[in-house]
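To start, the structure itself, in structure tokens.
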């Protein structure tokens, strides 16, 4: 928290503090307003309209940020959700499918969150353009999935990409290659907000530019921005006019987030006749998911609670797998008409996530964000569906990439499914060390992807390379100490083995 805010909180504990605080906050808001007006004067006529919308949106978020004090949830009010508010997927699936699947599919729009860069995996440009399977990128697989649906059922399900200013240009260049696919592709941009100095709480940006020295002055404000940006883009009204009724929103790097016909049918033909405006797919927590947001009952409504909102004294309780058994997959099904209604009433309420960052020059900043799932409490008749783990297959690291590139999964029409040859439906735990962090380095260290059908756990640390046709089974731990190197020879079978020390294989 900034020194400014700390000074404020001290002042609050004194007499007349609230009045003093109010004056300070008003002064600060006025200063920010002036700074934003200065920034807007640097916009060209072409940039002016969308920059003004962005800065107006930022001002609203900033105003709320200044008003908030302490954790945004009262721990005493958090309850487990009622039984009927989170339905098991098996129950949804048991209802079967309608005779005319195309009639429900034609009411759907698929939206993929495509604002992220591949920097965490050492790649420049949009993450969605990283090759994940047989040289297919995340975007290729998404297009293949939807094209398969449209061809199979003679439907017209469009794909919409929510880009950020970081990914828009590169994504649009690549979209030409899908011109002959049977998928209409649309894009819109999420907002661009200025980062603020952690001490002064004023914007770092001096002009609208986000290149050169100003590259780090701006950020995309989280996927909660989808509601306003989708509405402002005009696409929301376009789809409503075309008779579309629901959007299926998911992260483009979640390879398990395919269109599920059973969930869609449940939305379009609810058993009690009352339609859900918002469905969140949740899945059971494992020890690896303790930080994931969870669905709770709060003041009579379903509410997503993230770890950042939890008071420090209750963090361990929040992480407990026994008390909070599920977490949010960020696969969401949302009524288009409801988004329009709530957006026009300014009634979409999402908690602010304060994300601290340090810029390359060492300046400490904060960026204010919101999360798309946090809006669940603003919608009527919301529902959680507890889906199989297979619908949550995110690729955040090269460890995840190794899993999806391996023979653990088979690829069919853009969809990955667990191989029938694997005896257990669980996914192995894979931890690759820092030598594998960048995709380029990772690919160089595997002559071919090992056979992992019988693998339970793999840990690799240090300078390690794998030859062709290696097979890994059970628990395998490979550790090359600093200065050492281990080459796993071609055709090696490692089952329940620890490999350490130094092993070099050189061409004769």
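Going from the start of the chain as shown, residues are counted 1 onward.
Backbone N, Cα and C define each Cβ position, glycine as well.
Annotation comment: Swiss-Prot describes 396 as active site. Residue 396 (active site) has a Cβ environment of 14 other Cβ atoms inside 10 Å.
The UTP binding site annotation in Swiss-Prot covers 113, 114, 115, 116, 127, 190, 222, 253, 396. In this structure, residue 253 (substrate binding site) belongs to neither helix nor strand by DSSP; it is coil. Around the Cβ of residue 253 (substrate binding site), the same chain contributes 116, 127, 128, 138, 394, 395, 396, each under 8 angstroms and 6 or more positions distant in sequence.
Applying an 8 A CB threshold to same-chain residues 6+ apart, the list for residue 252 (substrate binding site) reads 112, 113, 114, 116, 127, 128, 138, 139, 142, 161. Per Swiss-Prot, the feature substrate binding site maps to 115, 116, 223, 251, 252, 253; the stated evidence is similarity to another entry.
According to Swiss-Prot, the feature Mg(2+) binding site maps to 127, 253, an assignment based on similarity to another entry.
Annotation comment: Swiss-Prot describes 13 (among others) as phosphoserine.
Swiss-Prot lists 426 with the feature phosphothreonine, giving similarity to another entry as the kind of evidence. Cβ environment of residue 426 (phosphothreonine): no same-chain residue six or more positions apart lies under 8 Å away.
Summarising the environment of residue 434 (phosphoserine), the number of other Cβ atoms within 10 Å of its Cβ, over all protein chains shown, is 9. Residues annotated as phosphoserine in Swiss-Prot: 434 (among others).
Annotation note: residue 438 (N6-acetyllysine) sits in a coil segment as assigned by DSSP. Among the features that Swiss-Prot reports, N6-acetyllysine is placed at 438.
Neighbour list (residue 448 (phosphoserine), Cβ cut-off 8 Å, at least 6 residues apart, same chain): 466, 468, 469, 470. According to DSSP, residue 448 (phosphoserine) sits in a coil region rather than a helix or strand. The phosphoserine feature in Swiss-Prot is assigned to 448 (among others); the stated evidence is similarity to another entry.
Cβ neighbour count for residue 461 (phosphoserine): 18 (other Cβ atoms within 10 Å of its Cβ, all protein chains included). Among the features that Swiss-Prot reports, phosphoserine is placed at 461 (among others), with the record citing similarity to another entry.
Mean pLDDT of the predicted structure over the region 'Oligomerization' (457-508): 92. The annotation region 'Oligomerization' is assigned in Swiss-Prot to 457-508.
A distance of 9 Å separates the Cα atom of residue 251 (substrate binding site) from that of residue 115 (UTP binding site). A separation of roughly 20 Å, to the nearest angstrom, links the Cα atoms of residue 115 (UTP binding site) and residue 438 (N6-acetyllysine). The two recorded residues, residue 461 (phosphoserine) and residue 434 (phosphoserine), have Cα atoms 7 Å apart.
Taking a C-beta cut-off of under 8 Å and a sequence gap of six or more, residue 222 (UTP binding site) has these contacts in its own chain: 353, 369, 370, 371, 372. Sorted by the number of other CB atoms within 10 A, the binding-site residues 115, 116 start with 116, the lowest. For the pair formed by residue 223 (substrate binding site) and residue 438 (N6-acetyllysine), distance between Cα atoms is given as 25 Å, rounded to the nearest Å.
Non-local neighbourhood of residue 438 (N6-acetyllysine): 121, 122, 123, 398, each in the same chain, at least six residues away, with C-beta under 8 Å from its C-beta. Excluding 115, 116, 223, 251, 252, 253 themselves, the residues of that chain whose CB lies within 8 A of the CB mean position for the substrate site are, in sequence, 112, 113, 114, 127, 128.
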